[in-house]
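Everything on this sheet refers to the single structure shown next.
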Amino acid sequence: MSSIRLYNTLTRKKEPFEPLEPNKVKMYVCGPTVYNYIHIGNARAAIVFDTIRRYLEFRGYDVTYVSNFTDVDDKLIKAARELGESVPAIAERFIEAYFEDIQALGCKKADIHPRVTENIDTIIEFIQALIDKGYAYEVDGDVYYRTRKFREYGKLSHQSIDELQAGARIEIGEKKDDPLDFALWKAAKEGEICWDSPWGKGRPGWHIECSAMARKYLGDTIDIHAGGQDLTFPHHENEIAQSEALTGKPFAKYWLHNGYLNINNEKMSKSLGNFVLVHDIIREIDPQVLRFFMLSVHYRHPINYSEELLESARRGLERLKTAYSNLQHRLQASTNLTDNDEEWVSRIADIRASFIREMDDDFNTANGIAVLFELAKQANLYLQEKTTSEKVIHAFLREFEQLADVLGLTLKQDELLDEEIEALIQKRNEARKNRDFALADRIRDELRAKNIILEDTPQGTRWKRG
């Protein structure tokens, strides 16, 4: 039995992780609707589930990771109309932008990134099968899911049909039998992108896309289905209803959801004007700092985005990079062996075990980062020894690299050119002149992390490589 325990939204408790097939994990993560650049809420989901994938691979699992693109949707059609472009052109542009953003954030590409428009036939077959089983019906070119027929509806979001009924309404123009029913196929309106189907020209509804693509690429039952907390209902609830009605099997064994992201203690929304796009923010800050920030809170908890917390994350990452850099620079001056090598190697092994213990407990990256800080503390203590050995230094470096890689963090730093150092010193001098001491300190810390030591003298600032 695996020592990993994860919180399952379906059961509302932590459970031992036992994939359907030993050592193999089938994982589906709901991807973006590509009508704009992704915002930092999307980035949190991308970073969180990339890290969970990395950790499962670190623990020896063979992970097949699928994350979709919704490349046809009401929002895309609206954007195309406003910009005077085609839906495929807009989708293609923002898919490319998505890959650029997540790569900057240290996220690996999924094994498969299916697009809705490349899977229309699969979706149509799925819908037809639901009609054949009595779970869906067609009205004037629209196809709806018969929600009440699926008796377990509400089991993921822990709501009863009666509770859901109270808030359900039929919109003007909808012809469904029941307010709880939802669209599987939408009849085309004039000028909209559409495909031929047994019910006339149209396009898929949102919920059916993920059910059809998850089944096509991962089978009837998958190990982990994941996404943002806001997708629990109705999206994931509807996916379960569709998939389990068709196959008669559980759709996913474990459901994982990351918590909300707030901006300065307010919900992020366009109406409040606090919408932060990854495309913009990574031009202002190191993307690794944003990733570190996202992982500094447990993935299920809400996280508050603010300048102060980003600055705290920057300092934390700098501490780790400085410890790693100091080890690298000490390597050349180290001997082959010292008397207490085994004691230090044992300490490092204990720290690795602590990291695994924390991450095994529902992927607790916040505590995992705390363990990395302990590794940095022990490394700094070791470097105070009169003599150091290559064996121990290598053990520290290897542990830093492996554990940081699980979190998608890179501690190695490219060496600065002399002119780059001089430019940063000039920028620091200007900041001090303008009494912007926070910026001056930040530049000094960044240089120190890259092993550049500054000395302020009456004649000006001198520097040397440590």
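Placement of Cβ uses the backbone N, Cα and C atoms for every residue, glycine included.
With CYS30, HIS235, GLU239 listed by Swiss-Prot as binding Zn(2+), the candidate from CYS194, CYS210 annotated for that site turns out to be CYS210. Of all ranges given (67-71, 262-266, 267-271, 337-341), Swiss-Prot attaches the label motif ''KMSKS' region' to 267-271. Between the stretches 32-42, 318-328, 417-427, Swiss-Prot puts its motif ''HIGH' region' entry on 32-42. Sequence-distant neighbours of CYS30 (Zn(2+) binding site) (same chain, six or more apart, CB under 8 Å from its CB) are SER67, ASN68, CYS210, ALA226, GLY227, GLY228, LEU231, HIS235, HIS236, listed in sequence order. Neighbours of CYS210 (Zn(2+) binding site), defined as other CB atoms within 10 A of its CB across all chains, total 28. Summarising the environment of GLU239 (Zn(2+) binding site), the number of other Cβ atoms within 10 Å of its Cβ, over all protein chains shown, is 27.
Under the DSSP three-state reduction, CYS30 (Zn(2+) binding site) is assigned to coil, being neither helix nor strand. Highlighted in sequence order, TRP206, HIS207, GLU209, SER211, HIS225, GLY227, LEU231, HIS236, ASN238 have their Cβ within 8 Å of the centre of the Cβ atoms of CYS30, CYS210, HIS235, GLU239, the residues recorded for Zn(2+), and are not part of that set.
Cβ neighbours within 10 Å of HIS235 (Zn(2+) binding site), excluding its own Cβ and spanning all shown chains: 17.
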